[in-house]
Amino acid sequence: MNNLSIKSRLIFVISFLSLLLVGGGIIGVASLYSANVSMRTMYENRLVPMGKLDQVIRGIDKNRLAIVESLNGDPAVVSKRMDEVERRIEEITKNWNDYYAGVDGEEKKHAEKFVQLRKKFIEEGLKPAVAASRSMNVQQAMELAAGPLAQNYQPMQEAFEDLLRLQQTIARTEFEHSQSTYMLIRNMSLFATLAGLALAAVVGTWIIGAISKPLNAAVRVAKNVASGDLTQQIEVRSKDETGQLLQALKDMNESLVSTIGQVRTGTETIGVASSEIAAGNADLSARTESQASSLEETASSMEELTTTVKQNAENARQANQLVVSASDYAVKGGDVVGQVVDTMGSIKESSRKIVDIIGVIDGI
C-alpha cells in the first residue's frame, strides 16, 4: 500500500466512503421496504380481511334484527325489510368470498368451519324466517327466530369469534415479526454505521499518516538543509509522491554534500596555492627591493656616467680644438721638422766634415 500514489489512496478512500454511503442507503431502503411490506401485509392480510369480517358479522346481526323487528310490522315494511335481508345475504357472501380468497393454513380451517355454520344458519333459520315473514306467518316466524335462527346463530358466532381471535393472534405474530425485523435492521444499521465510522477513522488515520508523516519528514529535511546540516540520514519508504519528494531531497542532500566536498577540496588547493603565491610574492618583493636598490645605484651611476659623458664630450670638444690646433701646429711643425732635418743634414754633413777634420787632426 505504501507504493500507491496519493491520488490512488484518495480515490480508494472516496470509493470506500461511497461504498459505505451506498451500503447505508441500501440498508435504509431495505428498512423502508421491509416496513412497507409489513404495513402492506398488515393492511392487506389483516386490516382488509378484518374489515370484511366486520361487515359479515354486522350484516348477519342486521338480518337477525330485521327478522325480529318484522314480527310486529306492517306488511309493506316487512316486505321491504325482507328485501334488505336478501340483499345483505348477497353482500355478506361477497364480503366473505373476498376475505376467504386470501386465507390459508389454520385460518382456512376456522373459515371453513364458519362457512358450514353460516350455511346451516341461513338454510335452517334465516331463509325459513324470511319466508314466514313475507307470508305474514308471525307465529312461524317467531318460532323460527327463537328456535333454529337463535340456535344456529350461537355456534356461528362462536366460530366467528374464534376466527377473530385467530386474526388477532396472526396480527400479533406478524407485528412481533415486524418488530423483530425492525430491531434486526436497526441493529444492522447501527452496526454498519459504527463499523463504517470505525473503518473511516482507521482509513482516514492511515491516509493522514501516510501523507503527513513523509511531508513532515520532508519539512525537517528542508529545515536541516537550510540550517547547513547535511549529515542527516533520509529514509525513503514509499514510492508515492511523498516518497518521490523525499528521494529528491535525498538526492539534493547528497549532491550538496558532494559539491561542498569538491568546494572544500578546491578551497584547500586554493589555500596551498595562496600560500605559495604569498611566498612568491615575498620573494618577489625582496627581489623587487633589491632591483630597486640596484636601479637606484644604476641611476646614480647613470647620473655619474652622464656627467662623465658630458665632461668627456667637453673634453672631446676641447681635444678636437686641440687636435685642430695640433694639426695646424703639426703642419707647421712638419715644415720646421723639414727645416730641422735639412739643418740636421747640414749639421751631419758639418759633423762629418768635423769628424773628417778631427780625423785629419788626429791623424796629424
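Each residue, glycine too, has its Cβ placed from N, Cα and C.
What TrEMBL records for 209-261 is domain 'HAMP'. Across the domain 'HAMP' (209-261), the model assigns an average pLDDT of 75.
Taken from TrEMBL, the feature domain 'Methyl-accepting transducer' applies to 266-364.
Positions annotated as transmembrane segment by TrEMBL: 12-33 (among others).
Sequence annotations record features per position, and here TrEMBL assigns transmembrane segment to 190-211 (among others).
For the domain 'HAMP' (209-261), the DSSP-based tally of helix, strand and coil residues reads 39 helix, 0 strand, 14 coil.
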